[in-house]
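Visitor: Here you go, one structure.
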Amino acid sequence: MPRGLAAEATALDDGDVLRAVRKEFALDDGTVYLDGNSLGALPRTVAGRLAEVVGDEWGRLRIRSWTESGWWEAPERVGDRVGRLVGAAPGQIVVGDSTSVNVFKAVVAAVRLAGPGRDEVLVDAATFPTDGYVAASAARMTGCRIREADARDIPGEAGPRTAVALVNHVDYRSGRLHDLAGTTAAVHAAGARVVWDLCHSAGALPVALDAHGVDLAVGCTYKYLNGGPGAPAYLYVRRDLQPRFDSPLPGWNSHTDPFAMDSAYAPADGAARGRVGTPEILSLLALDAALDVWDDVALTAVRTKSLALTDFFLRCVEAYAPEGRVESITPAAHAERGSQVSLRCADGAAGVMAELIRRGVVGDFRRPDVLRFGFTPLYTGFAEALRAARVLGEVLAG
Ligand SMILES: *Cc1c(COP(=O)(O)O)cnc(C)c1O
């Protein structure tokens, strides 16, 4: 059995159309890195570009760079680059702030778009906590009540009082992929808006925001998009909603004429309306450089490889893990799987992950009993999936 899996890993790596992309990442320390769903690996172009930004644009040109180096427009320019990866035509995404802050803008703006009698904010009950905390505060501020529902039930739960549903496209804990097209259509049929959180899907699988008529979306850029620690997040506001997008954080950067320094607020047109304050230029331009690795990559190829990797890893775990020690909580059905595998390990999960990391297989642990393995198709190979499962088997047996 193991010999067969090794031959299969080699064949799968040989047939991998994305194989060349891995060379663009700094991954030379011999570890198997399966935590790119928490912090993407470093693309090699970033360090040189950042040195240039610091030395030349900041160091030499200083204030002139806001215009001469294109800093001022960077949030929308980089937003368009993210847009290509999430199915958004140019002019609908702005990069800046954290995901948490963008959840706040999106949920409050969605409530402000809602018709009369709509005072309910529906949230994915298993949401990444920050989305839930922020949605609860947004609901309190806007006179709404919050109601939790399993993300799979949101299509049936949205009703005449729902203003907005906030849903995670892929569940961060289980790796379950939710139905963006069907849920969006059902929420719309109920007369409500939907905000999608794409943190665990952007860069991991094709996302088609425009095609499915999504209202608003947010996501981070430091997971599958490899933007670096604390890289700015993004906000998508569908073009036809932009004129009515009423930001709860109308900072001066979202003013139609910021340098008029007008005491009266007048919102900018387009994606810039989602801006707040001065953009985080260094991390924004690190992200810009990091996005170069996507230039010749098709998201369909990413998805094909991602599913092959997670399928193969699950088979390897079955082959190597001692009977009954771990159980996958990631859906087996491809239509319901993101790009990670989560294994429940009832006995000593924290210690198991610590030992895996010590042996050079880096995943992460989510309390109380989940081992998470993120599969980032741009730089993870099949031999690594095999090695991770083999080491997991050794740790569990030991
Ligand atoms: C990673 C993640 C976040 C992180 O939010 P920050 O504000 O960037 O810390 C939020 N939501 C989801 C669903 C995530 O996976």
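Cβ coordinates come from backbone N, Cα and C, glycine included.
Here the structure is a predicted model, which means the values were calculated and not measured.
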Visitor: Pick from T67, T162, T278: which one does TrEMBL list with T99, S100, F128, P129, T130, D131, D197, H200, Y222, W252 for the same pyridoxal 5'-phosphate site?
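Guide: Candidate in the recorded pyridoxal 5'-phosphate site: T278.
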Visitor: Counting across all protein chains shown, how many other Cβ atoms sit within 10 Å of the Cβ of T278 (pyridoxal 5'-phosphate binding site)?
Guide: 14
Visitor: With a 10 Å radius around each C-beta, find which of these recorded positions (T99, T130, D197, Y222, K223) has the fewest other C-beta atoms nearby.
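Guide: Checked T99, T130, D197, Y222, K223; of these recorded positions, fewest Cβ neighbours within 10 Å: T130.
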Visitor: Taking only the Cα atoms, work out how far K223 (N6-(pyridoxal phosphate)lysine) lies from D197 (pyridoxal 5'-phosphate binding site), in Å, as a whole number.
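Guide: Their Cα atoms are separated by 13 Å.
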Visitor: Which of the binding-site residues T99, T130, Y222, T278 have a Cβ less than 6 Å from any atom of ligand 1?
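Guide: Result: T99, T130.
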